[in-house]
Structures are given as C-alpha cells and as structure tokens.
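*Asks:* This is the structure, below, for whatever I ask next.
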Amino acid sequence: MAKFFRAAIMGPPGSGKGTISKRIAQSFGLQYLSSGHYLRESIAANTEAGLLVKSYVERGMLVPDHVMTRLMLPRLEQLSGHSWLLDGFPRTLSQARALNNLCQLDLVISLNIPYETLRERLSDRWIHPASGRVYNMGFNPPRVKGKDDVTGEPLIQHDDDKPEALMARLRHYKDVAKPVIDLYKSQGILHSFSGTETDRIWPYINSLLNTKMHTQPSDACQSQTP
Ligand code: G5P
Ligand code: MG
C-alpha cells in the first residue's frame, strides 16, 4: 500500500501556525488544510454552514465540534492518496478522536509562544467582518489603511483582540488544548517548540520533518464507514 505522511500543527491564536504551515507545505510538498481558511471560505460564500459559523468566528469562539468535523473530515477523505498537514484542526479532544477514527497522525507540532508576544501580534489585528479576512497593521497591513483590500469596506478590531479578552481566550485555548496535547504525547507523536520568533523556530521544525518524513510514513487513511 502507498505510504503517506500526516501531520498537524497546534498553537494558540497568533502563534504562527499559518506562517509555519506554508513553509512546511512549500518545503515538503504536503497538501495544506487550514480550518480557519475553510471557515472563512464558507462565510464568504454565504452558505448555510457559513451563516452558522460566522458568529463564532467573529467572536473568536470555537465552532461546535460536529460542525468542524463535518467541514474537515470529508476533505481529508478526498486526500486519502496524499500526504497532508492540518492547521488549526483538531482543536478539541472530541475533534482529535474523530480524526483518529479516520486516520493516525505521524506527527503533531505544538507551538508554545509567550503571552506577551501573542498580545503584541494580535492587538494589531484588524478584520473584514463579512469575509473574515485578517490584517496585521505591522506585518501584513491593508493597501489602504482601515479598508479591506478586496471590497474597500471598513475593517474592524474585535473586542476579543483587546488585552483582557485576549488573555481569557488564550487561557481557554490552554484548557481545551491540554487533553489533545496529552493524547498526542501518549501516542509519542507530539513535538513542542517554544520561542518568540518564527524564523528561529523554523530550522528545528525543518530538521524534524526532514528526519520524520523519511522514516515514519503511515498507511493511507481508511475511508470512514457511514
Ligand atoms: P484560525 O484561522 O485557525 P487562530 O486565531 O487560531 O485562527 P491565527 O490568527 O490564524 O490563529 P496563526 O495561524 O497561529 O494565527 O498565526 P499566523 O497567522 O501565522 O501569525 C499571526 C501573525 O503574526 C501574522 O500577522 C504573522 O505575520 C505574524 N507573525 C508570525 N510569525 C512572526 C514572528 O516571528 N514575528 C512577528 N513579529 N510576527 C510574526 O481560526 C479562526 C477561528 O476559526 C474558528 C475559531 O473561531 C477561531 O477563532 N476555528 C475553530 N473552531 C473550532 N474548532 C476548530 N478546529 C477551529 N478552527 C478554527
Ligand atoms: Mg492561522
């Protein structure tokens, strides 16, 4: 049977999951699936699922597990013949168990970034509410200050990205992520990275993947029985 490599990246909001995932996808040719991207896509398309998830995403709250698994697992089933990397999924123990029923991960990367660093990154975050497009005034600012690049509509800053609310969200992330991290630790596939700069963390992740991808590929994912 063909062998494929399956990985996931976890970390609090603003920890660099997206930035690192893109580097991994580019360097190692993995298919990249971001839960946040699919959520924003369904919001922008005004689908039924989009309307349902919009209020959660806008408030920085977790979308219910059954909605997330319905969004993500069919996409993974379609990729049963590929190596892939998940960004932002699974986020809860229930999601991790649902994923486990579909296929066994080879590697989980967990990013530990200090609160102060996350606060600095996220307090500069502005959002286009209709589409969920995210800007950062320091690193990826909009072309016109305060306006969405695509529609020209005004950007807003969520109350959730203000310091007090951010602290609560990060605490919530820790609580929810802990059992997921423990699960992957017990399976011997968890690798944690700490630091304040993505560029300093990246060489370690790069080197880990170089080793793992050539030694521990898994069987193709099993199709779920309905
Ligand atoms: P997302 O889309 O998964 P978040 O909030 O978890 O969103 P986000 O904002 O996408 O996380 P990230 O991907 O961890 O952050 O980080 P990033 O985008 O790479 O970097 C953040 C910023 O820091 C960027 O501007 C980047 O340029 C900058 N940066 C990166 N590295 C450095 C560095 O070294 N130095 C500096 N100075 N800057 C750097 O999820 C969105 C929402 O969808 C729902 C939830 O509501 C969630 O809030 N959701 C789910 N709900 C339930 N279950 C799931 N599985 C869900 N998945 C998504
Ligand atoms: Mg992201």
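Heads up, residue numbers simply count up from 1 along the chain you see.
A Cβ is built for glycine as well, from the same backbone N, Cα and C atoms used for every other residue.
TrEMBL labels come from automatic prediction, so no person has curated them.
Quantities reported herein were computed from a predicted structural model and do not represent experimental measurements.
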*Asks:* TrEMBL has Ser35, Arg40, Met61, Leu62, Val63, Gly88, Phe89, Pro90, Arg91, Gln95 binding AMP. Which one of Arg143, Arg169, Arg171 is in the same site?
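*Replies:* Candidate listed by TrEMBL for the same site: Arg169.
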*Asks:* Check TrEMBL for me: it has Gly14, Ser15, Gly16, Lys17, Gly18, Thr19, Val134, Tyr135, Thr198 binding GTP, so pick out which one of Arg6, Arg125 it puts in that same site.
*Replies:* Arg125
*Asks:* Please report the Cα separation of Ser35 (AMP binding site) and Gly18 (GTP binding site) in Å, rounded to an integer.
*Replies:* 10
*Asks:* What binding-site residues in Gly16, Arg125, Tyr135, Arg169 place CB under 6 Å from ligand 1?
*Replies:* Gly16
*Asks:* Between Arg91 (AMP binding site) and Tyr135 (GTP binding site), how far is it from one CA atom to the other, in Å?
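*Replies:* Just about 23 Å between their Cα atoms.
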*Asks:* I'd like the per-state residue tally for the domain 'Adenylate kinase active site lid' (125-160) from DSSP, helix first, then strand, then coil.
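*Replies:* For that range the per-state counts are 2 helix, 12 strand, 22 coil.
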*Asks:* Can you tell me which of these binding-site residues sit near ligand 2, meaning the Cβ is under 6 Å from at least one of its atoms: Gly14, Gly18, Ser35?
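*Replies:* By the Cβ criterion, which requires under 6 Å to ligand 2, the hits are Gly18.
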